[in-house]
Amino acid sequence: MPDDLWTAATRHPFLDAVRDGTITDAAFDKWLCQDALFVADLLIFQARLLARAPRPDQQVLVGGCAALVAELDWFEEQAVRRGIDLDAEPLPATLAYRELLQRLDDEPYAAAITALWVIERVYLLGWTSAAPAAAPLDGFVEHWTTPDFAGYVEELGALASPGEHEEQVNAVLKLEVAFWDMALA
Ligand code: MP5
């Protein structure tokens, strides 16, 4: 397991700044708009993954799809609350991630479900490193550190095979670092 990449993807200056309350509104809002675009792309990927999932994996994946639809609603609420327009153009890191998700559509199911597990685990670990955060961003940290979310990541972990799909694991971790970097750039 590439430990340094996991660390780089889950302990990032962006997350430190959220925890410390030093993140600028501009950086946070940039991240928020791009993450909303990412989640829309992830829903497309996950719906396709559900369509080719073996019977025992369907329940976890359909729950995840429903959670992504709810998450898109949640992003829209957060945007209204912050007074920003989510209608942004995707930046290079978001487009690169979209391309990876599209490539994973053509890879074997075992590789794709492993990548999904990494995508979600990074968020659980990353936002855990941003806790405890002060208002007004505490809600974001809570959102990705709930016991429900941790349980979902664990369920995905039971379906993943990272030792056999290191290439996909590394590809996701690198794009996660690029995604955090983008917000601070
Ligand atoms: C997730 C996300 C987690 N929202 N954004 C990035 C760049 N990586 C991972 O996905 P979810 O489904 O929002 O928990």
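All positions are counted from 1 along the displayed chain.
Just so you know, glycine gets a Cβ as well, placed from its N, Cα and C.
In TrEMBL this protein carries:
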DOMAIN    4-184  domain 'Thiaminase-2/PQQC'
BINDING   Asp35, Glu71, Glu120  substrate binding site
ACT_SITE  Glu176  active site, proton donor
Among Asp35, Glu71, Glu120, the record's substrate binders - longest CA distance, Å: 13
Cβ-Cβ distance under 8 Å to Glu71 (substrate binding site), same chain, at least six residues away: Val39
Candidate with the highest Cβ count within 10 Å, taken from the binding-site residues Asp35, Glu120: Glu120
Nearest-integer angstrom distance between the alpha carbons (Cα) of Glu120 (substrate binding site) and Glu176 (active site, proton donor): 11
Model confidence over the domain 'Thiaminase-2/PQQC' (4-184), averaged pLDDT: 97
Residues within 8 Å of the Asp35, Glu71, Glu120 Cβ centre (excluding the substrate site residues themselves): Phe38, Val39, Leu42, Leu68, Tyr123, Trp144
Asp35 (substrate binding site) and Glu176 (active site, proton donor), distance between Cα atoms, whole Å: 11
Conformational class of Asp35 (substrate binding site) under the three-state DSSP mapping: helix
